[in-house]
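To start, the structure itself, in structure tokens.
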Amino acid sequence: MDAQLNNLWEQALNIIKGEISEISFNTWIKSCTPISISDNILKLSVPNEFTKGILDTRYKDLLIQALKIVTSRKFKIEFYLESDLEEEKENEEKQKEEKKDNTNDVDGSIVVSDEMSATLNPKYTFQSFVIGNSNRFAHAASLAVAESPAKAYNPLFIYGGVGLGKTHLMHAIGHYILQENPKAKVVYVSSEKFTNELINAIKDDKNEEFRNKYRKVDVLLIDDIQFIAGKERTQEEFFHTFNALHEENKQIILSSDRPPKEIPTLEDRLRSRFEWGLIADIQPPDFETRMAILKKKADVEGLSVPNEVMVYIATKIKSNIRELEGALIRIIAYSSLTNRDVSVDLASEALKDIISNKESAPVTVKTIQESVANYYNLRIEDLKSQRRTRNIAYPRQIAMYLSRKLTDMSLPKIGEEFGGRDHTTVIHAYEKISENLKTDEGLQSMINDITKKLTQK
């Protein structure tokens, strides 16, 4: 933003600040970033479609009026989504790269740091990452890799559910490395984009340029690597890319929604390489972490939210960070649109659709038995029977473990639900599964899947 545009925008903000409530100003107006001003048109960047709609319908005239007071001219306001601007920037960079094709060095090497650092989200840094028990290990591993690329863990494989912070950590690694070494060649890309670029390279007979781009870097970060599974040519290309980088002692960081052994149709040779380094998982945040995330979000956005409202959100929204932050913004928006103070009652109204869906059915021993039996293709009667073959006994222990963890039922009562077993049997099952969870990633993934289905029905 140039100085003249910055000065004009700050003056307009000062005028608007006196016209609307603080919460409306912080929620809507401060979310805008001026891009350019020319021909009496001010272009503003906004974070999402929802914000764009609110600004367009409720605050556009106010912005125009403020600009008129500052400049004595009537401006038009145009809103652009940040995601669209990023895509446009990527396309421009791609066109520039194509124009440089004939002027590259003889060895075909290309400088990617400046170009690729533009694809890193500036908000995703280690400083803005909220650490809790659910992500402490993944955060520590990511920081270790950022501090000593290719010396700590190579590759680093981060896995976890949607919205838990995998992408945040990957961007944070990229930012940290570039901050310490601005000349480092850092590439961040989704597996989908990697695949699409490969397809285009094959189609346009530019395989060598594609390989130079991804094999002559210092750090390669690939998000959602699970999506290359089943794509034979992509797996072949990535296999050789992985080998080339690893042999040159370059850092590789991968993310996925599941551990390598759980990715179906992934070639064994890739699976084994993904397991060469360190595998770190991220679990759904616990209550304390959810509270910390909400407080951090409120501080960053300049929002005033009563503590009891944050407690309410953290108690009701348990699945992931994205939903937590979305719930907070929804409450603030509801407060602004209804011109009411933020309170627990207002929060309950704003989130009634979301929360009613999440609280529709309580978890019971019966629903746990149904889920486990369905997962293992058994009958509930099998779990209650006296049979002790491993294909039945182990699922039974898992069901007992989940029954103790997810319900308030006493141990003797749980035992009764499993064919009249003694409470010590339930304790043994719980302890055995708890111990196995420490080392068995497949079991961790399965328990998480079943728990998610049970708690989000």
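Including glycine, each Cβ sits where the backbone N, Cα and C put it.
Feature annotations, courtesy of Swiss-Prot:
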| type | residues | note |
| --- | --- | --- |
| BINDING | Gly163, Gly165, Lys166, Thr167 | ATP binding site |
| COMPBIAS | 91-103 | compositional bias 'Basic and acidic residues' |
| REGION | 1-75 | region 'Domain I, interacts with DnaA modulators' |
| REGION | 75-118 | region 'Domain II' |
| REGION | 87-108 | region 'Disordered' |
| REGION | 119-335 | region 'Domain III, AAA+ region' |
| REGION | 336-457 | region 'Domain IV, binds dsDNA' |
Listed binding-site residues (Gly163, Gly165), ranked by Cβ neighbours within 10 Å, top entry: Gly165
Average model confidence [pLDDT] within the region 'Domain I, interacts with DnaA modulators' (1-75): 85
Listed in sequence order, residues with CB under 8 A of Lys166 (ATP binding site) and six or more positions away: Ala138, Ile158, Tyr159, Gly160, Asp223, Ser255, Ile282
In three-state DSSP terms, the structure that Gly163 (ATP binding site) belongs to: coil
The region 'Domain IV, binds dsDNA' (336-457) - residue tally per DSSP class, helix then strand then coil: 87 helix, 0 strand, 35 coil
